[in-house]
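Over in Swiss-Prot, the protein carries these features:
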- C79: active site, nucleophile (ACT_SITE)
- H173: active site, for GATase activity (ACT_SITE)
- E175: active site, for GATase activity (ACT_SITE)
- G52, P53, C54, Q83, S129, L130: L-glutamine binding site (BINDING)
- 1-199: domain 'Glutamine amidotransferase type-1' (DOMAIN)
Amino acid sequence: MLLMIDNYDSFTYNLVQYFGELKAEVKVVRNDELSVEQIEALAPERIVLSPGPCTPNEAGVSLAVIERFAGKLPLLGVCLGHQSIGQAFGGEVVRARQVMHGKTSPIHHKDLGVFAGLANPLTVTRYHSLVVKRESLPECLEVTAWTQHADGSLDEIMGVRHKTLNVEGVQFHPESILTEQGHELLANFLRQQGGVRGEGN
């Protein structure tokens, strides 16, 4: 079972629909509905942290879920969930250089993890005013996707993953109709097994 932590966001059920189309069994709980211990008792196979309107500090149980389950099962954070992953491992979440609400951007990626086999660059849809500050990214996380300036230098972080654990975040919305290959990205996450990355993950 895939457990979706709903950070009170209207996009959550679009994500649920996409995962359902990929034949995943999904259970949704609000971020203030269950404790970490109650979530553990549900014995999920994987957890997704949804988008939301706040910062990681107001995202209910999200940070505690990352701390408890990282290394035990696959975790994926989307938008706020991605920022929560960055913060949980020691990164800083700051205001983005440019607020993006319903705008598409081409992003570049390393063809790793959830980005494996996807178009590069990939057109994605962004709804966010916050980002993980790239200068603050902890040693244990690597940038897997980014936007670029005209000169090719890195602009904003669009994806991260833990270097040894099955923990990944994407700043954009794979469940948006305007995002290319959103189903394929989520299908890549569903293929991940266990908490520690091994061959084929």
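Each Cβ is built from the backbone N, Cα and C atoms, and glycine gets one as well.
The most densely surrounded of the recorded positions C54, C79, L130 is C79 (count of other Cβ atoms within 10 A of its Cβ). The recorded positions recorded for this entry are P53, C54, C79, S129, and the Cα of C79 lies nearest to that of E175 (active site, for GATase activity). Cβ contacts within 10 Å of G52 (L-glutamine binding site), excluding its own Cβ and spanning all protein chains shown: 26. Its Cβ taken as reference, E175 (active site, for GATase activity) is surrounded by 23 other Cβ atoms within 10 Å in the chains shown. Less than 8 angstroms from the CB of S129 (L-glutamine binding site) sit R95, A96, V99, M100, H101, each of them six or more residues away in the same chain. A Cα-Cα distance of 9 Å separates L130 (L-glutamine binding site) from C79 (active site, nucleophile). If you measure from the Cα atom of G52 (L-glutamine binding site) to that of the residue listed as 'active site, nucleophile', you get 7 Å. Counting every protein chain shown, 14 other Cβ atoms lie within 10 Å of the Cβ of P53 (L-glutamine binding site). Listed binding-site residues near H173 (active site, for GATase activity): none (candidates P53, C54, Q83; Cα-Cα distance within 10 Å). A Cα-Cα distance of 10 Å separates C54 (L-glutamine binding site) from C79 (active site, nucleophile).
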